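Trainee: Sharing the record's features from TrEMBL:
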- 12-40: transmembrane segment (TRANSMEM)
- 52-73: transmembrane segment (TRANSMEM)
- 80-98: transmembrane segment (TRANSMEM)
- 104-125: transmembrane segment (TRANSMEM)
- 137-156: transmembrane segment (TRANSMEM)
- 162-183: transmembrane segment (TRANSMEM)
- 303-319: transmembrane segment (TRANSMEM)
- 339-358: transmembrane segment (TRANSMEM)
- 370-390: transmembrane segment (TRANSMEM)
- 396-417: transmembrane segment (TRANSMEM)
- 429-452: transmembrane segment (TRANSMEM)
- 464-484: transmembrane segment (TRANSMEM)
Amino acid sequence: MVFRKPPDGGWGWVIVVVSFFTQFLCYGSPLAVGVLYLEWLDAFGEGKGKTAWVGSLANGIGLLASPVCSICVSSFGARPVAIFSGFMVAGGLMMSSFAPNIYFLYVSYGIVVGLGCGLLYTATVTITCQYFDKRRGLALGLISTGSSVGLFIYAALQRELIELYGLDGCLLIVGALSLNILACGSLMRPLESSHSPPPEKTCGDKVPDQYFVYHEKEKTVEENISILEKGYIDEKCVNSVPDCKQDSISNKNILSSINVNEKDTYKKKVVEQTNFCKQLAKRKWQLYLTYWKETVVLFKNKVFSALFVAILLFDIGGFPPSLLMEDVARSANINEDDYYMPLISIIGIMTTVGKLILGILADFKWVNTLYLYVTTLLMTGVALFAIPFAKSYLTLAMLSGILGFLTGNWSIFPYVTTKTVGIEKLTHAYGILMFFAGLGNSLGPPIVGWFYDWTQEYDTAFYFSGFCVLLGGFLLLLAALPCWNACTSQSPKLPPNTYSYKVASSA
């Protein structure tokens, strides 16, 4: 497939709009799952740790499966994947309304909806990058705010729908809204050259054709031999019955020698095909070995190793507030009349602001993005430590806004990764980091919930969360301060044949 030059406009702006609404529709409910979390606690009567697995799977499974999502988009294209994933998200939400127990929700909401969101994120990012080059940063920034706006609106929307139609009706309506993803996906027109020449067959494609040709040739030769042999024998038998048997034997010997020559040629081609398959398998094995060698080289970079630990600990400690903040307010016995806005909505709108402001700061030459990222980690840890001391809606709202703003550091994380490993190793390193980010997203809320089940209060849980984030921030700071220049300028070079793949990132 031959792609035209990215137009940096035109239909690309339609792609930006539909990608924005795609992320809005698919990530709105999973990111605002804290509202549903309260209802599931009351409906199924399970522990907070076990119930928190539903939301954590929905947000983490897409990152864990990011390599698979990338392969699907690369193989089938963004538009088919977006349409198929729209059915997954809508179907998972609707099935969740009929959930008889929490284990059913693990599959319907956690895995089906989460995997659909991961596929949609990869599809929107891929199609946007195809349409934009010079304005790619602006386009990606615009579509990434769709998830944050979805969090802001869906938090209030789901609460209203629960009051009007109950939990089951809310999930059915939200699932029906998600069907609009199909319309958005149908507008993701691939950027292909209409007059591109058909791709030439590779050696791997030609070998089966050759095998087919020789197989048919052998079959044709055998059929012709049978016909000639039969006709010759019949003719001889009519003219001279005594000599029929002798001529038949001699004719069979001659024709059998012809058949042997054809079979020898066919066997040679089979041997050639076998050798080609062996060489292909050897080349694939060398590719896998190169990939793992590159991974080992990446972890020799001290800053990258510290960044891997920091992102894992940050998601373990920093993600739970967006899921559990509503339950924190209920545990603090805050009067519902004091609620001016859901706390999750505050987190969502401030995350959008944080993405934009931190992204703008990262573009200034005098700002070191690594130190900026470390600052957000340390401030997040301090804010998490302050949650147990918040006993009113106002203080919880302020902390929610601070945590939401700092969570916007996702917008500068690609900058930090590029600064650490270089642009040529970005896709490889980013894929590894996003996998562990998904692992942290999946483990964080259940761990905090288990702490509550053990202690019957959230104080210890958020002390643990704050400690995790602070530990990751300090490790990254220690790795960056003494050898920042050395690690970036003297990092070992990778082999020339670099193996890379596209990955999905967090919303």
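Cβ coordinates are placed from backbone N, Cα and C, and glycine is handled just like the others.
TrEMBL labels come from automatic prediction, so no person has curated them.
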Trainee: May I ask whether the transmembrane segment (303-319) has at least three C-beta pairs under 8 Å with the transmembrane segment (464-484), counting pairs 6 or more apart in sequence?
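Mentor: Per Cβ check, the transmembrane segment (464-484) touches the transmembrane segment (303-319).
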Trainee: Please check if the transmembrane segment (12-40) comes into contact with the transmembrane segment (303-319), where contact means 3 or more CB pairs closer than 8 Å and the residues in each pair are separated by 6 or more positions.
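Mentor: The answer is no, given that the two segments have fewer than 3 Cβ pairs within the 8 Å cut-off.
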Trainee: Counting Cβ pairs under 8 Å that sit 6 or more residues apart, are there three or more between the transmembrane segment (162-183) and the transmembrane segment (80-98)?
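Mentor: Answer yes, regions in contact.
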Trainee: Does the structure show the transmembrane segment (370-390) and the transmembrane segment (429-452) touching, where I'm treating 3 or more Cβ pairs under 8 angstroms (sequence separation 6 or more) as a contact?
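Mentor: Output no: the transmembrane segment (370-390) is apart from the transmembrane segment (429-452).
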Trainee: Is it the case that the transmembrane segment (339-358) and the transmembrane segment (80-98) have 3 or more CB pairs under 8 Å, with pairs at least 6 apart in sequence?
Mentor: no
Trainee: Which stretch from 80-98, 137-156, 303-319 shares the most C-beta pairs under 8 Å with the transmembrane segment (104-125)?
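Mentor: Out of the listed stretches, 80-98 contacts the transmembrane segment (104-125) most.
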Trainee: Honestly, do the transmembrane segment (303-319) and the transmembrane segment (429-452) touch, with at least three Cβ pairs under 8 Å and pairs 6 or more apart in sequence?
Mentor: yes
Trainee: Take the transmembrane segment (396-417) and find every residue of the same chain, 6 or more past its ends, with a Cβ under 8 Å from one of its Cβ atoms.
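Mentor: For the transmembrane segment (396-417), the sequence-distant neighbours (Cβ-Cβ under 8 Å, at least 6 residues beyond its ends) are 141, 144, 307, 311, 318, 321-322, 325, 328-329, 332, 334, 340-341, 343-344, 346-359, 361-362, 369-370, 372-373, 376-377, 379-380, 383-384, 386-387, 390, 426, 429-430, 433, 505-506.
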Trainee: State the non-local partners of the transmembrane segment (429-452) in its own chain: residues 6+ outside its ends, Cβ under 8 Å from one of its Cβ atoms.
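Mentor: Sequence-distant neighbours of the transmembrane segment (429-452): 47-53, 55-57, 59-67, 295, 298, 304, 307-308, 311-320, 323-324, 413-414, 417, 420-421, 458, 460-462, 464-465, 501, 503-506.
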Trainee: Using Cβ atoms and a strict cutoff of less than 8 Å, what residues sit near the transmembrane segment (80-98) while being 6 or more residues removed from its termini?
Mentor: 22, 25-26, 29, 72-73, 104-105, 108-109, 112-113, 115-117, 119-120, 122-124, 167-172, 174-176, 178-179, 181-182, 184-186, 188
Trainee: Looking only at residues six or more beyond either end of the transmembrane segment (137-156), which have a C-beta under 8 A from one in the stretch?
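Mentor: Distant Cβ neighbours of the transmembrane segment (137-156) are 12, 15-16, 19-29, 31-32, 34-35, 124-125, 128-129, 131, 174, 322, 341-342, 344-345, 347-349, 351-352, 355-356, 359, 410-411, 507.
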Trainee: Could you give the residue numbers and ranges of same-chain residues that sit at least 6 residues beyond the transmembrane segment (52-73) on either side and whose C-beta is under 8 angstroms from one of its C-beta atoms?
Mentor: 30-31, 33-34, 36-37, 40, 81, 102, 105-106, 109-111, 113-115, 117-119, 121-123, 126, 319-320, 323-324, 431, 434-435, 437-446, 448-449, 501-507
